[in-house]
Amino acid sequence: MTQQVLTILGSTGSIGESTLDVAARHPDKFRIFALAGHKQVNKLAAQCERFKPCFAVVADAEHAAALEQLLESADCQTEVLYGGQALIEVASASEVTGVMAAIVGAAGLPSALAAAKNGKTIYLANKETLVVSGALFMETARANGAKVLPVDSEHNAVYQVLPQDYSGRLNVHGIQSIILTASGGPFLDTDLSTFDHITPAQAVKHPNWSMGQKISVDSATMMNKGLELIEAHWLFNCPPDKLEVVIHPQSVIHSMVRYLDGSVLAQMGNPDMRTPIAYCLGLPERIESGVGALDFGKLSVLTFREPDLNRFPCLKLAYDAMHAGGGASCVLNAANEEAVAAFLAGKIRFTDIARIVAHCLEQGFSDGLNDIDSLLAQDAQTRAQARQGITALSR
Ligand code: NAD
Ligand code: MG
């Protein structure tokens, strides 16, 4: 394997740190070109000292000055850049072979799209990119020879059990459906009558996975699985009616593909994102990830059940948005991001998240949004509507 030169967007987050953990195990295979860490300058400074990237990117001039000071006192030569254009530059630079897209939210879209335009191998953790701009992103990647490798554990699992020559057409390969597994999050069995009183601290406490705050709340509402349905739709060119969701609280089977002959192929492992990350980074080889072996002696049961759409209205809203197509999933995502942020800030109740998303979807959306400017305009319009709804609810 020739040495990969990596840009890690969102290096200070949960996925970013796991990526650096895997890369550090294979210094011969990976060199870090750039790290982007938004406002987390202390963590980013420590990463720069350790991995010595050429560039580090932060949110704005103020954070750039703070990072420069830290790097100077550590005698670290990394050059500091800031702003959205800098994210695009480090994702596009000619030296870079692979880009880990691990910024959270639609904020990660322009830089991921830049990597696609420049034919990079994209390790895609940022599912919101596909939810907001699936058609545009996949077409841009295809037209520019960029490879899109799914980091999200479910999609990575599907990728691993699809035929190696998968053409993007299920029937050509005798595939009946793609089955995404879901843990069901922390409130799978919580009394529904108490949902109004769920606190942010309870919602971010996922039973199996350790993740960033936004995706943890998404897992608790099951919006995460909804976003993942849309993600799978675009990644695998899978029609909505060929996508299944099954709740599997142990998070050992990460997803499955159902074939016409009755076979179901699954990928299993401990719930640790370093496995799908190492799979993507190592391709075509398998490389060591630091994840412990799955111990069947300690696995007592694997259970499965149907998702309850009354308990998880966000999942239903995502299904509806996927079927509606057009700008619906862009609206779904923007409304959800605003609602989750408001919930985490203590402004609205847990159950209000679905209300805000439904309210925004009811406002309607443009059809055929397929360029970044109109997608970002829809995103901005929806966020304004969501904030109005949040203000009304928090009174
Ligand atoms: P996180 O909150 O831990 O990290 C987010 C990263 O993005 C941080 O580095 C942060 O500094 C940066 N960031 C935040 N806002 C930004 C902005 N406006 N502009 C630029 N950078 C910004 O999140 P995470 O859990 O690592 O998730 C990252 C992405 O990966 C999300 O899209 C999430 O859905 C996806 N994902 C995460 C997991 C997981 O296990 N954590 C699993 C599957 C997919
Ligand atoms: Mg996932």
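Each residue, glycine too, has its Cβ placed from N, Cα and C.
Fair warning: this is a prediction, and the values are worked out from it, not measured in the lab.
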Using only what TrEMBL says about 1-deoxy-D-xylulose 5-phosphate binding by SER153, GLU154, SER183, HIS206, SER219, ASN224, LYS225, GLU228, identify which of LYS127, LYS147, LYS242 is listed for that site too. LYS127
Since TrEMBL lists THR12, GLY13, SER14, ILE15, LYS39, ASN126, GLU128 for NADPH, which candidate among GLY212, GLY226, GLY262 does it give for that site as well? GLY212
In the domain '1-deoxy-D-xylulose 5-phosphate reductoisomerase N-terminal' (6-134), how many residues does DSSP assign to helix, to strand and to coil? 64 helix, 29 strand, 36 coil
Express the distance between the Cα positions of LYS127 (1-deoxy-D-xylulose 5-phosphate binding site) and THR12 (NADPH binding site) as a whole number of Å. 17
Between the Cα atoms of ASN126 (NADPH binding site) and ASP152 (Mn(2+) binding site), what distance do you get, rounded to the nearest Å? 8
Which of the binding-site residues SER14, LYS127, ASP152, HIS206, ASN224, GLU228 have a Cβ less than 6 Å from any atom of ligand 1? SER14, LYS127, ASP152
